């Protein structure tokens, strides 16, 4: 049985970040910065409450008689209780004989074009641990992009305004960045396991390293760009954030309305239509929060029974990174034009170049992951290099003028050339007729 290390990492990051947020908010209160105190508390407690709700929803504690667990969730201690339960199950596994086991069938990765189906016995303890791992993976994503990402942006913005980086604030920002990167990593692994549920997926350390570097560069540069832009154009950062957020929030709903599919009813039997709508809105809210800072590996599809788009769309990936690169470059250009005296001692061109190179490094590690380290790359209908090549061909085809127009232009040019030649030849004949002696002498 696999050691539940992901559960322990999620709990450590959750507790450490929450404790650091409470300590830092106390420091802001002592310094008299009430606004920074309440914003720090808001970005700490809001995701904490959403984490409790998601754990209760996944484990269906409302329909079960567990008042003590519900009370601990109300006290924001749900992840601690779940982690204790996980390790209790893990250390007791094997001591008591399982009354019954379930048999699962998983396909192995294809070798030489063939894929074998292997049966595996899964006991009750292992099934419960799998449920806990899945729940903590989802809570890590919620904590990362609805709490840690806004928190990191806020604290870095405060550092720029106050022109000071304290020890407590720097520790808190490092914890927030680790939480975001870990949440993005869990999001990638979760997307792979959902898309390839029929296969026995094993992620190698090289894949974890590529994802970690990819997400670190991408998130760090994105947060820095947003903070630099907001430090010189405080009002204009609001439309940038709102357009990004609501664009990604309504995108799955627009696709759902265009498909004219019936409203999803199979999310949870105990939920009413209103409850299902709330759950779907929270899901798209999380989806928009992820795409604000990095590429969402999980693509929401509301007309699918699993609510996930399982197809590999290289076009959407390419368009996202091209538009995000253009947006980051534009925000950096605006910062460079309107930068204040605070940035006199900062080499602005070098900083812009470093941030753009950092984002390109994120794209490079992403390409390496999909081309060489993806655990299911053998199942791709086309590799990332082929997909990007087809994307660029498609974009070049759009940018090129239509072929009929080109042929028409060529025909017009050719006809003009023929007309000019005919005119010149007629002029030559006329000149020869007007000078017969010249033609005779020429013939002689």
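Cβ coordinates come from backbone N, Cα and C, glycine included.
As annotated by TrEMBL, compositional bias 'Polar residues' applies to 425-444.
Marked as region 'Disordered' by TrEMBL: 416-444.
Using a Cβ-Cβ cut-off under 8 Å and counting only residues 6 or more beyond its ends in the same chain, the signal peptide (1-20) has close neighbours at 44, 48, 51, 79-80, 82-83, 86-87, 90, 93-94, 125-126, 129, 132-133, 136-137, 139-140, 143, 147-148, 151, 168, 171-172, 175-176, 178-179, 182, 186. The annotation signal peptide is assigned in TrEMBL to 1-20.
Away from its own ends, the transmembrane segment (35-58) comes close to residues 14, 17-18, 21-22, 24-26, 28-29, 70, 73-74, 76, 78-79, 82, 131, 134-135, 138-139, 142-143, 146-148, 150-151, 154-155, 158, 268, 279, 282 of its chain (Cβ-Cβ under 8 Å, at least six residues beyond either end). Residues annotated as transmembrane segment in TrEMBL: 35-58 (among others).
Annotation source TrEMBL lists transmembrane segment at 167-185 (among others). Listed by sequence, the residues of this chain that lie at least six past the ends of the transmembrane segment (167-185) yet keep a Cβ under 8 A from its Cβ atoms are 9-10, 13-14, 16-17, 20-21, 23-24, 27, 140-145, 147-149, 151-152, 155-156, 158-159, 208, 211-212, 215-216, 219-220, 290, 293-294, 297.
If you look up TrEMBL, you'll see 235-256 (among others) marked as transmembrane segment.
What TrEMBL lists as transmembrane segment is 277-298 (among others).
If you look up TrEMBL, you'll see 318-338 (among others) marked as transmembrane segment.
Residues 206-207, 210-211, 213-218, 220-222, 224-225, 295, 321, 324-325, 328-329, 332-333, 336, 383-385, 388 of the same chain sit 6 or more residues outside the transmembrane segment (350-372) yet have a Cβ under 8 Å from a Cβ within it. Annotated transmembrane segment per TrEMBL: 350-372 (among others), in sequence order.
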